[in-house]
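Asks: In case it's useful when we look at the structure, here is the feature table from TrEMBL:
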DOMAIN    76-188  domain 'Purple acid phosphatase N-terminal'
DOMAIN    200-412  domain 'Calcineurin-like phosphoesterase'
DOMAIN    481-523  domain 'Purple acid phosphatase C-terminal'
SIGNAL    1-31  signal peptide
Amino acid sequence: MMKPTTITKMASIFYGFSLLLLLLSSSSSVAVHIPTTLDGPFKPVTMPYDVSLRGNAVDLPASDSRVQRHVNGFQPEQISVSLSSDYHSVWISWITGEFQIGYDIKPLNPESVKSIVHFGTLKHPLTHEATGYSQVYSQLYPFEGLQNYTSGIIHHVRLTGLKPNTLYYYRCGDPSVPAMSSLFHFRTMPIPGPRNYPGKIAIVGDLGLTYNTTATISHISSNQPDLLLLVGDVTYANLYLTNGTGSDCYSCSFPDSPIHETYQPRWDYWGRFMQNLISRVPIMVVEGNHEIEEQVDHQTFAAYSSRFAFPSEESGSSSTFYYSFNAGGIHFIMLGAYIAYNESASQYKWLERDLAKVDRDVTPWLVVSWHPPWYTSYKAHYREAECMRVAMEHLLYSNGVDIVFNGHVHAYERSNRVYNYTLDPCAPLHITIGDGGNREKMAVEHADEPGNCPEPSTTPDKFMGGFCAANFTSGPAAGNFCWDRQPDYSAYRESSFGHGILEVKNTTYALWTWYRNQDSEKVAGDQIYIVRQPDICPVRRKC
């Protein structure tokens, strides 16, 4: 007689294959075959580069109506929703009051305006009220010629006691001023469980605020996602040197300034542009290198840590740089690449604890994101994050991580399942999605092409620690720092702007689709079913 667990596994596999057959069928006479990871590992594919795609990497100007301030006084703007660690709680964030930039600035008083959200399942009346906290941050450069910045009042309010998979309406602001927003809405995540998943999860990286960005966001909106993941590099405000004048010789114009200032109003422009989407679709962000924004006293990440709400405390983290949350039967872990990640670091110890608490019977899917990829075959940022990979990869592998999402490289690349540069059917799939459309344009050169292999000592990032990328000791690239052809771990790569959509169907199958900006919103640039195999790839279970 078969054990109940065996029957359950067989039923799950049968259900998975039945669903796959259903998904592959079509109402039209022609069925589209979508490959699965079971068909892999795949032979490497490189799509030809279309030179016409480098255009439009130009930032929206301050005069564009989409980035201008359209509220008065202390009315809320730049409104966004972020998830807490589980379905029953979300964060609502917004800004009141205008920023200041100049040589003599006076920060607003955060206590002058209350942080209140009215919410409920009906448009009227909004029967619940929650209060939160507010803050102001400044970007300071005490050097002649550099203008300082202070933000408007940033509010964060956590709503609790929410029902799963439920539409909620809300207004935010301070009713005593009065200064309340118009009516917005969001939908909570499904309750964690092996049969409960969000419909669509949009994933994008290196977004910025260019005309390419507007195309990316338009395509994302048309896909009607339930959740948005931004895997680092948000506004690129740090590229606006000399307060936006773009001096050709920074050291000539500002010889006494040891650091470049960043033009913080770009953050406000970005928040205004994004409000239409992220006031109703929760956004989860992890820091990238363009969020470092060093200022006086070596302070970094001030805008990133202030403007977004993070479920850090709820997930046992003491930092805005790493945290976790559930979205139905998916457990997401967001990691910080620009803070300590070695075994003695707080982040590493937190990651061990978080992974140990994951119950794969409740959240079968385990997805991890951070900014710079471990596996990229592009010349840009090639093996830059090697020290982080050496420190942490075994943790992800031994705990059965299913998918890894990264940005940083301004192109798209999907790997075969890989661990320690070796193809492994039980290893994660790594997807680089740093093609959101920022002003630095896209990456087009590959490290395996003649003359493109970087000098090893140039690869480490100064904010990421030491040098760990040695020559390969085995395989086709043995004795070399780069492959002489597209690496086996690279299944598909293409230099185009776009975004991805993850649709988890059940405990076994998840559909990954990458959309290119130059195509119709419904045309897939790359598509694959990611298949979990827990029977042959055992993972740690909650005791």
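Positions of Cβ are set from backbone N, Cα and C atoms, glycine also.
What does the local environment look like for each feature on the list?
Replies: Each residue in the domain 'Purple acid phosphatase N-terminal' (76-188) gets a DSSP state, and the totals come to 3 helix, 55 strand, 55 coil.
According to DSSP, the secondary structure content of the domain 'Purple acid phosphatase C-terminal' (481-523) in residues is 0 helix, 20 strand, 23 coil.
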Asks: Can you work out which residues elsewhere in the same chain, 6+ from the ends of the domain 'Purple acid phosphatase C-terminal' (481-523), have a Cβ less than 8 Å from its Cβ atoms?
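Replies: Residues 12-13, 15-16, 19-20, 23, 34, 36, 40-47, 49-50, 53, 194-195, 197-204, 212, 215-216, 219-220, 222-223, 225, 328-330, 364-365, 367, 375, 377-378, 382-383, 402-403, 405, 410-416, 418, 421, 423, 430-431, 433, 435-437, 442-444, 446-448, 452-454, 456, 469-472, 475, 529-532.
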